[in-house]
């Protein structure tokens with residue numbers, strides 16, 4: 001099935017939003033979890049490192065989930081109707097958990113019950129990725145039933161699907177892996193050796209487990225969504241390239257780090273390699289998923305908006321990007337690159 005250039009641009013924009021949100025959100029949610037885990041180990045300052053990352057980033061992360069919903073609704077109204085109908089309950093759960101987490105993050109820096117609030121924030125941040133990831137297996141087919149023109153999500157099939165559980169495990173471990181890798185880099189810049197060792201160790205543990213869950217996804221996908229599995233096997237070179245970058249990241253964590261005491265590992269190099277790895281893997285998955293948005297009911301073309309509407313929306317997105325990009329760059333430079341902030345220097 002051929003896909004028009006306009007539809008391909010639109011789906012690429014949405015997939016770009018999804019990828020950016022997935023990476024940022026996993027780091028954000030994971031940082032909240034690690035902040036909770038190391039809360040009672042004040043001598044390590046691991047919680048302080050996590051909070052320095054969380055403080056400015058969770059608000060920005062929430063912006064991208066709004067952008068995904070708006071882009072999906074505007075570019076693909078046909079797909080939005082089906083997804084909105086079947087994901088009403090899980091979507092409401094996600095919004096509730098995001099609201100709870102955001103509220104507790106706001107008050108966690110001021111309230112006397114700081115520990116309790118951070119526990120709640122950390123736990124909710126641990127659950128949200130597990131629910132969010134279920135959108136992917138739902139689009140693979142087999143879980144949506146149509147009765148008298150009404151779409152329904154068969155929850156019993158989801159909770160009995162090995163592929164769905166593989167996705168859940170992958171989401172949780174990826175959250176812990178990416179966040180621990182980022183916080184190791186933060187600790188490296190902040191020159192907090194105890195925190196760096198803790199987060200590096202966590203990355204070395206959670207990384208291979210997340211890869212194992214990725215393998216489980218492929219194995220279970222072969223039985224439950226063979227059309228998608230076959231598509232990914234046709235572009236197996238992208239998966240191989242993804243695995244190579246994962247190995248590079250692992251090697252980077254064992255390279256000598258002369259600029260940081262006697263510690264080993266180059267977390268910045270590892271973080272960049274893992275970012276490339278997830279991009280390559282997501283590209284292979286997205287390419288194989290075409291032309292379906294929701295198999296087999298909704299394709300990219302059947303759910304696409306009118307061409308004239310797309311052109312107007314696309315122009316609007318370009319203008320919005322031009323306006324917002326300087327703000328995101330300023331944010332990155334102030335909080336991600338400013339060593340005075342990371343080290344909490346006066």
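Placement of Cβ uses the backbone N, Cα and C atoms for every residue, glycine included.
Among the features that Swiss-Prot reports, transmembrane segment is placed at 7-27 (among others).
Outside the transmembrane segment (63-83) by six or more residues, the chain places 10-11, 13-14, 17-18, 20-21, 24-25, 98, 135, 144, 151, 293-294, 297-298, 300, 302-305, 309-310, 313, 317 with a CB less than 8 A from a CB of the stretch. Marked as transmembrane segment by Swiss-Prot: 63-83 (among others).
If you look up Swiss-Prot, you'll see 87-107 (among others) marked as transmembrane segment.
The transmembrane segment feature in Swiss-Prot is assigned to 119-139 (among others).
Annotation source Swiss-Prot lists transmembrane segment at 164-184 (among others). Residues of the same chain lying 6 or more positions beyond the ends of the transmembrane segment (164-184) and with a Cβ under 8 Å from any Cβ of it are 23, 26-31, 33-34, 46, 49-50, 53, 126, 129-130, 132-134, 136-137, 158, 195-196, 199-200, 202-203, 206-207, 209-210, 213-214, 216-217, 219-220, 249, 265, 267, 270-271, 274, 278.
Under the heading transmembrane segment, Swiss-Prot lists 201-221 (among others), citing sequence analysis as support. Outside the transmembrane segment (201-221), and at least 6 residues removed from its termini, the chain residues within Cβ reach (under 8 Å) are 34, 140, 161-163, 166-167, 169-170, 173-174, 176-177, 180-181, 184, 228-229, 232, 246, 249-250, 253, 267, 270, 274, 281.
Within the chain, the transmembrane segment (236-256) has long-range Cβ neighbours (under 8 A, six or more residues past its boundaries) at 181, 200, 203-204, 207, 211, 264-267, 269-271, 273-274, 276-278, 280-281, 283-284, 287. Summarising the annotation, Swiss-Prot assigns transmembrane segment to 236-256 (among others).
Taken from Swiss-Prot, the feature transmembrane segment covers 269-289 (among others), and the record attributes it to sequence analysis.
If you look up Swiss-Prot, you'll see 312-332 (among others) marked as transmembrane segment. Within the chain, the transmembrane segment (312-332) has long-range Cβ neighbours (under 8 A, six or more residues past its boundaries) at 6, 9-10, 13, 56, 60, 71, 74-75, 305.
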For the transmembrane segment (269-289), name the stretch out of 7-27, 87-107, 119-139 with the most CB-CB pairs under 8 Å. 7-27
Surrounding residues of the transmembrane segment (87-107) on its own chain - C-beta under 8 Å, 6+ positions past either end: 32, 54, 58-59, 62, 65, 117-118, 120-121, 124-125, 127-128, 131-132, 134-135, 138, 153
